[in-house]
Every structure is written in structure tokens, then in C-alpha cells.
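Undergrad: Below you will find the structure I want to go over with you.
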Amino acid sequence: MMFEKTLSILKPDVVERGIIGRVLSYIEAAGLRIVAQRMCALSHEQAEAFYAVHKARPFFPSLVGFMTSGPVVVQVLVGESAVKTYRDVMGATNPSEAAPGTIRGDLAESIDANCVHGSDSLENAEWEIKFFFKEHEIMSSMPNGK
């Protein structure tokens, strides 16, 4: 088995609506384990730095505005093929295109308030995890704690 780490962000809409537990149930049902987690409020500068890859895109200002509109929950998830597994459980970016049974298909309200962010590659996962967590803040990466 190939265990990987990926980053998850539960966006401000999830925190505001009080559905953190519901989102976590999808993550756990997919066989992913949370090995680091914290709630924080992103500054404008942090959000711009984190989403810098989208800086030239027309949605960048609204993305930064949304991500700084309230607290978020950042997590490191681990599991077999974690990047792909989490992207599958998140569903399509646009909730109207997301399959039922996915986080976005079941819970998201709009393309902006789409509940979650997940790393899109192993390379980005590594960078994104380091953006939010120091190595000592991440528990054992093996699902059985070994």
C-alpha cells in the first residue's frame, strides 16, 4: 500500500454553518486519517500567498476575500492514495457538477462556498502542508499509528 499525505481545508462556509462534523464523516468514511488539525483565521497576506498560483485568474480577489471571511480548519490527512482519495470524496469544484455522495455534491452551496480545499498533487500537498504545519505538529503518518 502507498500511504500519502494531503492537505485539507474546511472553508469558512463549513465553520459558519456548523457542519464540520458532517464533513469529517466523509473524510473518515473514505478511509483517511486526520494526523494534524487546527482552526485558524487566514490573514489577507496568508490567503494571497497560499493561492498565489491563481493570482492572474479573475476569481482571485473573491477567493482571497472568501477565505479570509471567517475561520477555517486546516488538516493533514493520510491514507492510501490520499491525494486522489480526498479529491474523489470532495467532488467537482462546482457543486452543481459534483456527484451525490461527495462533500460538495451533498453539502456545498455554490462554486465559491464549496466547503473544502484539497491538494491536487503530491508535490503541492507537500508544499501546502509545510505552509500550515511544522513537522513536529503532524502525528504518525501510518494509519495504525506504527
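Every residue gets a Cβ built from N, Cα and C, even glycine.
According to Swiss-Prot, the protein carries these features:
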ACT_SITE  His117  active site, pros-phosphohistidine intermediate
BINDING   Lys11, Phe59, Arg87, Thr93, Arg104, Asn114  ATP binding site
Undergrad: Non-local Cβ contacts of Arg87 (ATP binding site) (under 8 Å, 6 or more apart, same chain)?
TA: Gly118, Asp120
Undergrad: Return the count of C-beta atoms lying within 10 angstroms of the C-beta of Thr93 (ATP binding site), excluding that atom itself.
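TA: A 10 Å sphere around the Cβ of Thr93 (ATP binding site) contains 12 other Cβ atoms.
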Undergrad: Around the C-beta of the residue listed as 'active site, pros-phosphohistidine intermediate', how many further C-beta atoms are within 10 angstroms, looking at every protein chain?
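TA: The residue listed as 'active site, pros-phosphohistidine intermediate': 21 neighbouring Cβ atoms within 10 Å.
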